[in-house]
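Peer 1: Sharing a structure here in C-alpha coordinates format.
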Amino acid sequence: MLENVKRVILILSGKGGVGKSTVSTQLALTLKERGYKVGLLDIDLCGPSVPYILNLEDQNIHQGSEGWIPVYLDKEQKLGVMSIGFLLKSRNDAVVWRGPKKTSMIKQFLEDVYWQDLDFLVIDTPPGTSDEHITVMENLRSVPQCSAILVTTPQEVSIEDVRKEITFCNKTGIKIMGIIENMSGYECPTCSECTNIFSSGGGKSLAEISKLPFLGSIPIDPRVGALAGKGVAAVKELPESSTSRVFNDLVIRINETNSNGS
Amino acid sequence: MTSIPDNAPHQCPGTQSEDAGKASACAGCPNQNICASGVPAGPDPAVELIKNRLANVKHKILVLSGKGGVGKSTVTSLLGHGLAKLNPDLNIGILDADICGPSQPRVLGVRGEQVHNSGSGWSPVYVTDNLSLMSIGFLLGSPDDAVIWRGPKKNGMIKQFLSEVDWGDLDYLLIDTPPGTSDEHLSLVQYLAGAGATGAVLVTTPQEVALLDVRKEIQFCRKVGLPVLGVVENMALFVCPNCKVGIYCTGRKRR
(Lines of atoms letter the chains of each structure in order from A and count residues from 1; the text may use other names and numbers.)
(Lines give C-alpha, C1' and ligand atoms only; values in the text may rest on other atoms or scores of the structure.)
Protein backbone atom coordinates (compact mmCIF):
# COMPACT_ATOMS: atom_id res chain seq x y z
CA MET A 1 0.00 0.00 0.00
CA LEU A 2 1.20 3.48 -0.90
CA GLU A 3 4.47 2.06 -2.22
CA ASN A 4 4.94 5.03 -4.54
CA VAL A 5 4.68 7.57 -1.74
CA LYS A 6 7.98 8.71 -0.22
CA ARG A 7 6.57 10.34 2.93
CA VAL A 8 3.19 10.22 4.65
CA ILE A 9 2.32 13.08 7.02
CA LEU A 10 -0.75 12.78 9.23
CA ILE A 11 -2.31 15.94 10.62
CA LEU A 12 -3.93 15.06 13.95
CA SER A 13 -5.61 16.75 16.89
CA GLY A 14 -7.88 15.53 19.63
CA LYS A 15 -9.77 18.81 19.42
CA GLY A 16 -12.01 20.06 16.63
CA GLY A 17 -11.78 23.46 14.98
CA VAL A 18 -8.13 24.05 15.85
CA GLY A 19 -7.05 24.30 12.22
CA LYS A 20 -6.18 20.78 11.10
CA SER A 21 -7.59 21.36 7.63
CA THR A 22 -5.94 24.77 7.35
CA VAL A 23 -2.57 23.30 8.36
CA SER A 24 -3.07 20.31 6.01
CA THR A 25 -3.95 22.46 3.01
CA GLN A 26 -1.28 25.09 3.67
CA LEU A 27 1.36 22.40 4.21
CA ALA A 28 0.36 20.69 0.97
CA LEU A 29 0.35 24.02 -0.89
CA THR A 30 3.74 25.01 0.53
CA LEU A 31 5.25 21.67 -0.49
CA LYS A 32 3.77 22.12 -3.96
CA GLU A 33 5.29 25.62 -4.18
CA ARG A 34 8.66 24.04 -3.40
CA GLY A 35 8.27 21.82 -6.44
CA TYR A 36 7.27 18.56 -4.80
CA LYS A 37 4.54 16.29 -6.03
CA VAL A 38 1.95 16.16 -3.27
CA GLY A 39 -1.23 14.29 -2.47
CA LEU A 40 -3.79 15.49 0.06
CA LEU A 41 -6.24 12.96 1.48
CA ASP A 42 -9.18 14.20 3.55
CA ILE A 43 -10.53 11.43 5.79
CA ASP A 44 -12.96 13.63 7.68
CA LEU A 45 -16.03 11.92 6.26
CA CYS A 46 -18.73 13.73 8.24
CA GLY A 47 -17.26 17.20 7.80
CA PRO A 48 -14.95 17.39 4.79
CA SER A 49 -13.49 20.92 4.57
CA VAL A 50 -10.63 20.45 2.11
CA PRO A 51 -12.66 20.83 -1.13
CA TYR A 52 -14.04 24.18 0.05
CA ILE A 53 -10.70 25.48 1.34
CA LEU A 54 -8.99 24.65 -1.97
CA ASN A 55 -11.88 25.96 -4.07
CA LEU A 56 -12.52 22.55 -5.64
CA GLU A 57 -16.13 22.09 -4.53
CA ASP A 58 -17.67 21.42 -7.93
CA GLN A 59 -15.07 18.84 -8.99
CA ASN A 60 -15.66 15.12 -9.45
CA ILE A 61 -13.63 11.99 -8.98
CA HIS A 62 -13.15 9.81 -12.05
CA GLN A 63 -12.52 6.11 -12.19
CA GLY A 64 -9.47 5.18 -14.23
CA SER A 65 -8.06 1.77 -15.11
CA GLU A 66 -5.61 2.03 -12.19
CA GLY A 67 -8.10 3.28 -9.60
CA TRP A 68 -9.75 6.50 -8.53
CA ILE A 69 -8.13 9.53 -10.08
CA PRO A 70 -7.79 12.36 -7.56
CA VAL A 71 -8.82 15.92 -8.33
CA TYR A 72 -5.84 18.04 -9.34
CA LEU A 73 -5.54 21.65 -8.25
CA ASP A 74 -3.21 22.59 -11.09
CA LYS A 75 -2.68 21.60 -14.69
CA GLU A 76 0.80 20.20 -13.98
CA GLN A 77 -0.86 17.76 -11.54
CA LYS A 78 1.51 18.73 -8.73
CA LEU A 79 -1.21 18.61 -6.05
CA GLY A 80 -3.83 15.85 -6.10
CA VAL A 81 -6.74 15.89 -3.66
CA MET A 82 -9.10 13.16 -2.50
CA SER A 83 -12.09 13.83 -0.26
CA ILE A 84 -15.56 12.41 0.28
CA GLY A 85 -16.77 15.91 -0.58
CA PHE A 86 -16.14 15.08 -4.25
CA LEU A 87 -18.48 12.09 -4.02
CA LEU A 88 -21.48 13.95 -2.57
CA LYS A 89 -24.18 15.22 -4.91
CA SER A 90 -24.87 18.40 -2.98
CA ARG A 91 -22.72 20.36 -0.53
CA ASN A 92 -25.57 20.07 2.01
CA ASP A 93 -25.60 16.26 1.90
CA ALA A 94 -24.81 14.69 5.26
CA VAL A 95 -22.84 11.48 5.59
CA VAL A 96 -24.74 9.77 8.40
CA TRP A 97 -22.59 6.69 8.82
CA ARG A 98 -21.55 4.54 11.71
CA GLY A 99 -18.00 3.31 12.20
CA PRO A 100 -17.83 0.21 9.99
CA LYS A 101 -18.97 2.11 6.92
CA LYS A 102 -16.51 4.92 7.59
CA THR A 103 -13.78 2.30 8.03
CA SER A 104 -14.37 0.71 4.65
CA MET A 105 -14.52 4.10 2.93
CA ILE A 106 -11.14 5.05 4.40
CA LYS A 107 -9.68 1.69 3.37
CA GLN A 108 -10.82 2.44 -0.17
CA PHE A 109 -9.26 5.88 0.00
CA LEU A 110 -5.96 4.35 1.10
CA GLU A 111 -5.97 1.45 -1.34
CA ASP A 112 -7.88 2.47 -4.44
CA VAL A 113 -6.69 5.99 -5.21
CA TYR A 114 -4.18 6.19 -8.03
CA TRP A 115 -1.84 8.93 -6.75
CA GLN A 116 1.02 8.18 -9.17
CA ASP A 117 4.49 8.82 -7.68
CA LEU A 118 4.29 11.19 -4.73
CA ASP A 119 6.94 12.94 -2.68
CA PHE A 120 4.43 13.59 0.10
CA LEU A 121 0.97 12.40 1.05
CA VAL A 122 -0.66 14.70 3.60
CA ILE A 123 -3.63 13.17 5.44
CA ASP A 124 -6.19 15.47 7.09
CA THR A 125 -8.21 13.81 9.86
CA PRO A 126 -11.34 14.50 11.94
CA PRO A 127 -10.93 15.22 15.67
CA GLY A 128 -10.80 12.33 18.12
CA THR A 129 -9.25 8.92 18.63
CA SER A 130 -11.83 6.65 17.12
CA ASP A 131 -12.78 4.72 13.99
CA GLU A 132 -11.10 6.93 11.39
CA HIS A 133 -7.88 7.16 13.36
CA ILE A 134 -7.71 3.50 14.31
CA THR A 135 -8.32 2.52 10.68
CA VAL A 136 -5.63 4.83 9.33
CA MET A 137 -3.12 3.62 11.92
CA GLU A 138 -3.85 -0.04 11.27
CA ASN A 139 -3.37 0.43 7.57
CA LEU A 140 -0.30 2.64 7.81
CA ARG A 141 1.47 0.36 10.25
CA SER A 142 3.16 -1.26 7.27
CA VAL A 143 4.18 2.13 5.86
CA PRO A 144 7.43 3.05 7.64
CA GLN A 145 7.78 6.53 6.14
CA CYS A 146 4.83 7.86 8.14
CA SER A 147 4.80 10.52 10.86
CA ALA A 148 2.28 12.83 12.50
CA ILE A 149 1.97 16.56 13.15
CA LEU A 150 -0.30 17.54 16.05
CA VAL A 151 -2.26 20.79 15.90
CA THR A 152 -3.57 22.58 18.97
CA THR A 153 -4.74 25.99 20.10
CA PRO A 154 -3.23 27.50 23.26
CA GLN A 155 -6.17 26.90 25.66
CA GLU A 156 -6.16 24.23 28.34
CA VAL A 157 -9.34 22.71 26.97
CA SER A 158 -7.63 22.02 23.65
CA ILE A 159 -4.32 20.93 25.20
CA GLU A 160 -6.22 18.36 27.24
CA ASP A 161 -7.60 16.68 24.12
CA VAL A 162 -4.27 16.84 22.32
CA ARG A 163 -2.60 15.06 25.25
CA LYS A 164 -4.98 12.19 24.55
CA GLU A 165 -3.91 12.26 20.92
CA ILE A 166 -0.24 11.96 21.98
CA THR A 167 -1.13 8.91 24.04
CA PHE A 168 -2.91 7.53 20.98
CA CYS A 169 0.19 8.02 18.81
CA ASN A 170 2.43 6.42 21.40
CA LYS A 171 0.11 3.44 21.79
CA THR A 172 -0.19 2.87 18.07
CA GLY A 173 3.52 3.49 17.50
CA ILE A 174 3.26 6.40 15.11
CA LYS A 175 6.17 8.84 15.13
CA ILE A 176 5.27 12.42 16.13
CA MET A 177 7.13 15.07 14.18
CA GLY A 178 6.00 17.82 16.52
CA ILE A 179 3.30 20.21 17.66
CA ILE A 180 1.97 23.32 15.89
CA GLU A 181 0.11 25.94 17.89
CA ASN A 182 -2.59 27.76 15.95
CA MET A 183 -4.68 30.84 16.83
CA SER A 184 -2.04 32.14 19.22
CA GLY A 185 -2.83 35.81 19.55
CA TYR A 186 -4.71 38.31 17.42
CA GLU A 187 -3.23 41.62 16.42
CA CYS A 188 -5.94 44.31 16.40
CA PRO A 189 -5.92 45.87 12.94
CA THR A 190 -6.90 49.23 14.47
CA CYS A 191 -4.42 49.64 17.30
CA SER A 192 -2.00 46.75 16.69
CA GLU A 193 -2.45 45.55 20.28
CA CYS A 194 -1.97 41.78 20.41
CA THR A 195 -4.69 39.96 22.34
CA ASN A 196 -4.31 36.32 23.27
CA ILE A 197 -7.95 35.42 22.68
CA PHE A 198 -7.34 31.78 23.39
CA SER A 199 -4.64 32.23 26.04
CA SER A 200 -0.99 31.79 25.12
CA GLY A 201 1.97 29.47 25.23
CA GLY A 202 -0.06 26.27 25.64
CA GLY A 203 1.38 24.55 22.60
CA LYS A 204 4.93 25.29 23.59
CA SER A 205 4.54 24.06 27.15
CA LEU A 206 2.75 20.95 25.93
CA ALA A 207 5.70 20.27 23.62
CA GLU A 208 8.12 20.73 26.52
CA ILE A 209 6.19 18.50 28.91
CA SER A 210 5.72 15.73 26.39
CA LYS A 211 9.29 16.16 25.05
CA LEU A 212 8.20 16.77 21.48
CA PRO A 213 9.57 19.32 19.02
CA PHE A 214 7.62 22.59 18.85
CA LEU A 215 7.03 23.49 15.23
CA GLY A 216 5.91 27.08 15.66
CA SER A 217 2.87 29.17 16.47
CA ILE A 218 0.49 30.61 13.92
CA PRO A 219 -1.36 33.79 14.96
CA ILE A 220 -4.96 34.58 14.05
CA ASP A 221 -4.59 36.46 10.80
CA PRO A 222 -7.77 37.41 8.91
CA ARG A 223 -5.71 37.64 5.72
CA VAL A 224 -4.83 33.95 6.04
CA GLY A 225 -8.45 33.18 6.94
CA ALA A 226 -9.51 34.89 3.75
CA LEU A 227 -7.34 32.47 1.75
CA ALA A 228 -9.75 29.66 2.70
CA GLY A 229 -11.90 29.11 -0.35
CA LYS A 230 -9.24 30.29 -2.76
CA GLY A 231 -6.73 27.46 -2.79
CA VAL A 232 -3.59 29.60 -2.75
CA ALA A 233 -0.51 29.17 -0.57
CA ALA A 234 0.12 31.66 2.23
CA VAL A 235 3.84 31.47 1.42
CA LYS A 236 3.06 32.78 -2.06
CA GLU A 237 0.27 35.26 -1.32
CA LEU A 238 1.51 36.62 2.04
CA PRO A 239 5.24 35.86 2.08
CA GLU A 240 5.87 38.33 4.93
CA SER A 241 3.27 36.90 7.32
CA SER A 242 4.14 34.90 10.43
CA THR A 243 2.05 32.06 9.01
CA SER A 244 4.35 31.81 5.99
CA ARG A 245 7.38 31.77 8.25
CA VAL A 246 5.99 28.80 10.18
CA PHE A 247 5.26 26.82 7.03
CA ASN A 248 8.62 27.66 5.45
CA ASP A 249 10.39 26.46 8.60
CA LEU A 250 8.20 23.38 8.72
CA VAL A 251 9.10 22.35 5.17
CA ILE A 252 12.80 22.87 5.94
CA ARG A 253 12.45 20.67 9.01
CA ILE A 254 10.59 17.99 7.06
CA ASN A 255 13.39 17.94 4.51
CA GLU A 256 16.01 17.64 7.20
CA THR A 257 14.35 14.58 8.69
CA ASN A 258 14.03 13.30 5.13
CA SER A 259 17.72 13.47 4.34
CA ASN A 260 18.59 11.92 7.69
CA GLY A 261 16.65 8.93 6.50
CA SER A 262 14.57 8.94 9.67
CA MET B 1 -31.99 -2.53 1.74
CA THR B 2 -30.95 -6.13 2.12
CA SER B 3 -31.24 -7.89 5.42
CA ILE B 4 -27.73 -9.30 5.17
CA PRO B 5 -25.56 -8.05 8.02
CA ASP B 6 -22.14 -6.59 7.20
CA ASN B 7 -20.32 -9.33 9.04
CA ALA B 8 -22.46 -12.22 7.76
CA PRO B 9 -20.87 -15.37 6.34
CA HIS B 10 -20.48 -15.67 2.59
CA GLN B 11 -23.81 -16.41 0.84
CA CYS B 12 -25.92 -15.49 3.87
CA PRO B 13 -29.53 -15.58 2.67
CA GLY B 14 -30.39 -12.55 4.80
CA THR B 15 -32.07 -12.43 8.20
CA GLN B 16 -35.49 -11.67 6.72
CA SER B 17 -35.31 -14.45 4.13
CA GLU B 18 -37.43 -17.61 4.35
CA ASP B 19 -34.20 -19.60 4.30
CA ALA B 20 -32.78 -17.66 7.25
CA GLY B 21 -30.95 -20.08 9.49
CA LYS B 22 -31.70 -22.98 7.18
CA ALA B 23 -29.43 -22.44 4.17
CA SER B 24 -26.17 -24.37 3.95
CA ALA B 25 -24.22 -21.15 4.43
CA CYS B 26 -25.85 -20.76 7.86
CA ALA B 27 -24.07 -23.80 9.28
CA GLY B 28 -21.58 -22.60 11.86
CA CYS B 29 -22.92 -19.05 11.98
CA PRO B 30 -23.28 -17.97 15.60
CA ASN B 31 -26.66 -16.42 14.83
CA GLN B 32 -28.07 -19.50 13.11
CA ASN B 33 -30.44 -20.34 15.97
CA ILE B 34 -31.78 -16.81 16.23
CA CYS B 35 -32.46 -16.67 12.49
CA ALA B 36 -33.99 -20.13 12.39
CA SER B 37 -36.34 -19.43 15.30
CA GLY B 38 -38.16 -16.96 13.07
CA VAL B 39 -38.73 -14.51 15.90
CA PRO B 40 -37.92 -11.10 14.46
CA ALA B 41 -35.49 -9.07 16.53
CA GLY B 42 -37.57 -6.52 18.40
CA PRO B 43 -36.54 -2.98 19.17
CA ASP B 44 -33.47 -2.59 21.33
CA PRO B 45 -34.56 -3.29 24.93
CA ALA B 46 -32.35 -0.36 25.96
CA VAL B 47 -34.85 2.08 24.44
CA GLU B 48 -37.51 1.01 26.94
CA LEU B 49 -34.98 1.01 29.78
CA ILE B 50 -33.89 4.55 28.94
CA LYS B 51 -37.51 5.65 28.62
CA ASN B 52 -38.13 4.51 32.18
CA ARG B 53 -34.90 5.97 33.49
CA LEU B 54 -35.56 9.38 31.94
CA ALA B 55 -39.28 9.40 32.78
CA ASN B 56 -38.70 12.23 35.24
CA VAL B 57 -36.67 14.34 32.83
CA LYS B 58 -38.92 16.94 31.23
CA HIS B 59 -36.79 18.26 28.37
CA LYS B 60 -33.93 16.51 26.63
CA ILE B 61 -31.95 18.90 24.47
CA LEU B 62 -29.00 17.99 22.26
CA VAL B 63 -26.32 20.55 21.49
CA LEU B 64 -24.99 19.74 18.04
CA SER B 65 -22.66 21.07 15.39
CA GLY B 66 -21.09 19.49 12.36
CA LYS B 67 -17.93 21.49 13.04
CA GLY B 68 -15.49 21.05 15.90
CA GLY B 69 -14.25 23.85 18.13
CA VAL B 70 -17.19 26.19 17.53
CA GLY B 71 -18.19 26.22 21.19
CA LYS B 72 -20.64 23.35 21.69
CA SER B 73 -19.29 22.65 25.17
CA THR B 74 -19.20 26.34 26.08
CA VAL B 75 -22.78 26.87 24.91
CA THR B 76 -23.91 23.73 26.74
CA SER B 77 -22.30 24.75 30.02
CA LEU B 78 -23.50 28.36 29.84
CA LEU B 79 -26.99 27.23 28.95
CA GLY B 80 -26.87 24.91 31.95
CA HIS B 81 -25.60 27.62 34.27
CA GLY B 82 -28.11 30.10 32.84
CA LEU B 83 -31.07 27.81 33.41
CA ALA B 84 -29.84 26.89 36.88
CA LYS B 85 -29.45 30.57 37.87
CA LEU B 86 -32.77 31.56 36.31
CA ASN B 87 -34.72 29.58 38.81
CA PRO B 88 -33.18 27.71 41.77
CA ASP B 89 -36.12 25.31 41.68
CA LEU B 90 -35.16 24.03 38.25
CA ASN B 91 -32.94 21.00 38.09
CA ILE B 92 -30.48 20.78 35.22
CA GLY B 93 -28.31 17.88 34.13
CA ILE B 94 -25.53 17.92 31.57
CA LEU B 95 -24.43 14.75 29.81
CA ASP B 96 -21.10 14.95 27.98
CA ALA B 97 -21.44 12.52 25.06
CA ASP B 98 -18.04 13.42 23.60
CA ILE B 99 -16.29 10.19 24.47
CA CYS B 100 -12.91 10.84 22.84
CA GLY B 101 -12.57 14.50 23.85
CA PRO B 102 -14.62 15.24 26.98
CA SER B 103 -14.38 18.95 27.83
CA GLN B 104 -17.21 19.45 30.29
CA PRO B 105 -15.31 18.55 33.49
CA ARG B 106 -12.84 21.36 32.74
CA VAL B 107 -15.38 23.85 31.40
CA LEU B 108 -17.56 23.41 34.49
CA GLY B 109 -14.58 23.35 36.84
CA VAL B 110 -15.14 19.89 38.33
CA ARG B 111 -12.06 18.09 37.04
CA GLY B 112 -10.75 15.28 39.15
CA GLU B 113 -14.11 14.55 40.78
CA GLN B 114 -15.28 10.98 41.10
CA VAL B 115 -18.61 9.47 40.17
CA HIS B 116 -20.04 6.98 42.60
CA ASN B 117 -22.03 3.93 41.81
CA SER B 118 -24.92 2.95 44.04
CA GLY B 119 -27.95 0.69 43.83
CA SER B 120 -29.89 3.32 41.97
CA GLY B 121 -27.13 3.90 39.42
CA TRP B 122 -24.23 6.27 38.84
CA SER B 123 -24.50 9.52 40.77
CA PRO B 124 -23.56 12.49 38.60
CA VAL B 125 -21.17 15.16 39.87
CA TYR B 126 -22.93 18.25 41.21
CA VAL B 127 -21.48 21.55 39.97
CA THR B 128 -24.02 23.61 41.94
CA ASP B 129 -27.08 22.53 43.95
CA ASN B 130 -29.21 22.20 40.84
CA LEU B 131 -26.67 21.54 38.08
CA SER B 132 -25.19 18.07 37.68
CA LEU B 133 -22.77 16.58 35.17
CA MET B 134 -21.87 13.17 33.83
CA SER B 135 -18.83 12.75 31.60
CA ILE B 136 -16.38 10.01 30.66
CA GLY B 137 -13.73 12.43 31.90
CA PHE B 138 -14.62 11.35 35.46
CA LEU B 139 -13.87 7.72 34.64
CA LEU B 140 -10.35 8.24 33.30
CA GLY B 141 -7.38 7.73 35.54
CA SER B 142 -5.22 10.49 34.10
CA PRO B 143 -5.76 13.43 31.72
CA ASP B 144 -3.36 11.71 29.33
CA ASP B 145 -5.58 8.64 29.05
CA ALA B 146 -6.95 8.32 25.55
CA VAL B 147 -10.22 6.58 24.82
CA ILE B 148 -9.28 4.67 21.68
CA TRP B 149 -12.61 3.11 20.88
CA ARG B 150 -14.45 2.30 17.72
CA GLY B 151 -18.14 3.05 17.30
CA PRO B 152 -19.81 0.09 19.05
CA LYS B 153 -17.89 0.66 22.27
CA LYS B 154 -18.73 4.37 22.25
CA ASN B 155 -22.38 3.44 21.68
CA GLY B 156 -22.27 1.09 24.66
CA MET B 157 -20.93 3.88 26.83
CA ILE B 158 -23.66 6.27 25.69
CA LYS B 159 -26.26 3.61 26.35
CA GLN B 160 -24.90 3.25 29.87
CA PHE B 161 -24.88 7.01 30.41
CA LEU B 162 -28.51 7.23 29.36
CA SER B 163 -29.75 4.18 31.19
CA GLU B 164 -27.67 4.02 34.35
CA VAL B 165 -27.14 7.58 35.58
CA ASP B 166 -29.31 8.50 38.53
CA TRP B 167 -30.25 12.05 37.56
CA GLY B 168 -33.24 12.29 39.86
CA ASP B 169 -35.99 14.66 38.71
CA LEU B 170 -34.69 16.98 36.01
CA ASP B 171 -36.30 19.85 34.16
CA TYR B 172 -33.61 19.93 31.52
CA LEU B 173 -31.07 17.36 30.39
CA LEU B 174 -28.55 19.05 28.09
CA ILE B 175 -26.49 16.67 25.98
CA ASP B 176 -23.13 17.92 24.69
CA THR B 177 -21.93 16.03 21.60
CA PRO B 178 -18.76 15.60 19.55
CA PRO B 179 -18.69 17.09 16.04
CA GLY B 180 -20.05 15.08 13.14
CA THR B 181 -22.99 12.94 12.13
CA SER B 182 -21.88 9.51 13.16
CA ASP B 183 -22.11 6.88 15.90
CA GLU B 184 -22.63 9.12 18.93
CA HIS B 185 -25.32 11.16 17.21
CA LEU B 186 -27.19 8.25 15.73
CA SER B 187 -27.07 6.34 19.01
CA LEU B 188 -28.32 9.27 21.06
CA VAL B 189 -31.27 9.77 18.74
CA GLN B 190 -32.07 6.07 18.60
CA TYR B 191 -31.75 5.45 22.33
CA LEU B 192 -33.88 8.51 23.06
CA ALA B 193 -36.59 7.34 20.66
CA GLY B 194 -38.75 6.06 23.52
CA ALA B 195 -38.02 8.82 26.00
CA GLY B 196 -38.44 11.48 23.30
CA ALA B 197 -35.81 14.15 22.61
CA THR B 198 -37.15 17.70 22.79
CA GLY B 199 -34.90 18.97 20.05
CA ALA B 200 -31.46 20.23 19.11
CA VAL B 201 -29.60 23.51 19.50
CA LEU B 202 -27.06 23.97 16.70
CA VAL B 203 -23.87 25.93 17.27
CA THR B 204 -21.82 27.52 14.50
CA THR B 205 -19.28 30.24 13.82
CA PRO B 206 -19.77 32.73 10.96
CA GLN B 207 -17.22 31.30 8.51
CA GLU B 208 -18.36 29.39 5.45
CA VAL B 209 -16.17 26.43 6.38
CA ALA B 210 -18.19 26.01 9.60
CA LEU B 211 -21.55 26.65 7.96
CA LEU B 212 -20.73 23.96 5.43
CA ASP B 213 -20.60 21.34 8.18
CA VAL B 214 -23.54 22.76 10.13
CA ARG B 215 -25.75 22.49 7.05
CA LYS B 216 -24.93 18.79 7.07
CA GLU B 217 -26.00 18.66 10.70
CA ILE B 218 -29.35 20.25 9.82
CA GLN B 219 -29.80 17.55 7.19
CA PHE B 220 -29.00 14.96 9.82
CA CYS B 221 -31.68 16.40 12.13
CA ARG B 222 -34.22 16.30 9.31
CA LYS B 223 -33.28 12.73 8.40
CA VAL B 224 -33.72 11.43 11.94
CA GLY B 225 -36.71 13.64 12.70
CA LEU B 226 -35.10 15.70 15.45
CA PRO B 227 -36.62 19.20 15.73
CA VAL B 228 -34.08 22.05 15.48
CA LEU B 229 -34.80 24.55 18.27
CA GLY B 230 -32.49 27.15 16.80
CA VAL B 231 -28.96 28.13 15.83
CA VAL B 232 -26.43 29.93 18.03
CA GLU B 233 -23.67 31.89 16.30
CA ASN B 234 -20.51 31.95 18.37
CA MET B 235 -17.27 33.94 17.91
CA ALA B 236 -19.11 36.46 15.75
CA LEU B 237 -17.32 39.55 17.00
CA PHE B 238 -14.04 40.38 18.72
CA VAL B 239 -13.87 43.59 20.75
CA CYS B 240 -10.28 44.72 21.22
CA PRO B 241 -9.70 45.20 24.96
CA ASN B 242 -7.31 48.05 24.20
CA CYS B 243 -9.10 50.28 21.68
CA LYS B 244 -12.63 48.88 22.17
CA VAL B 245 -13.15 48.59 18.42
CA GLY B 246 -15.23 45.58 17.43
CA ILE B 247 -13.93 43.43 14.61
CA TYR B 248 -16.01 40.77 12.86
CA CYS B 249 -14.27 37.52 12.15
CA THR B 250 -14.21 38.49 8.48
CA GLY B 251 -11.89 41.37 9.40
CA ARG B 252 -14.61 44.03 8.93
CA LYS B 253 -14.91 46.72 11.64
CA ARG B 254 -18.12 47.25 13.57
CA ARG B 255 -19.68 50.66 12.90
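Every residue gets a Cβ built from N, Cα and C, even glycine.
Taken from TrEMBL, the feature ATP binding site applies to A:G14, A:K15, A:G16, A:G17, A:V18, A:G19, A:K20, A:S21. The [4Fe-4S] cluster binding site annotation in TrEMBL covers A:C188, A:C191.
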Peer 1: If you run the three-state DSSP split on A:S21 (ATP binding site), which class comes out?
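Peer 2: Where A:S21 (ATP binding site) sits, the three-state DSSP reduction gives helix.
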Peer 1: If I restrict to non-local contacts, at least six residues apart, and a C-beta distance under 8 angstroms, what lies near A:G14 (ATP binding site) in its own chain?
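Peer 2: For A:G14 (ATP binding site), the qualifying residues are A:P127, A:G128, A:T129, A:S158, A:E160, A:D161, A:V162, A:R163, A:K164, A:E165, A:F168.
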Peer 1: Take the Cβ of A:S21 (ATP binding site) and count every other Cβ within 10 Å, whichever protein chain it belongs to.
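Peer 2: For A:S21 (ATP binding site), the 10 Å Cβ neighbour count is 27.
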Peer 1: For the binding-site residues A:K15, A:K20, which one has the sparsest Cβ surroundings, going by other Cβ atoms within 10 Å?
Peer 2: A:K15
Peer 1: Distance check, please: Cα of A:G16 (ATP binding site) against Cα of A:C188 ([4Fe-4S] cluster binding site), rounded to an integer number of angstrom.
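Peer 2: Distance (Cα to Cα, whole Å): 25 Å.
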Peer 1: Counting other Cβ atoms within 10 Å, pick out the least crowded of the binding-site residues A:G16, A:G17, A:G19.
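Peer 2: Comparing Cβ neighbours within 10 Å for the binding-site residues A:G16, A:G17, A:G19, A:G19 has the fewest.
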Peer 1: In the structure shown, which of the binding-site residues A:V18, A:C188, A:C191 has the fewest Cβ neighbours within 10 Å?
Peer 2: A:C191
Peer 1: Hey, how far is A:C188 ([4Fe-4S] cluster binding site) from A:V18 (ATP binding site), Cα to Cα, in Å?
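Peer 2: That separation, Cα to Cα, works out to 20 Å.
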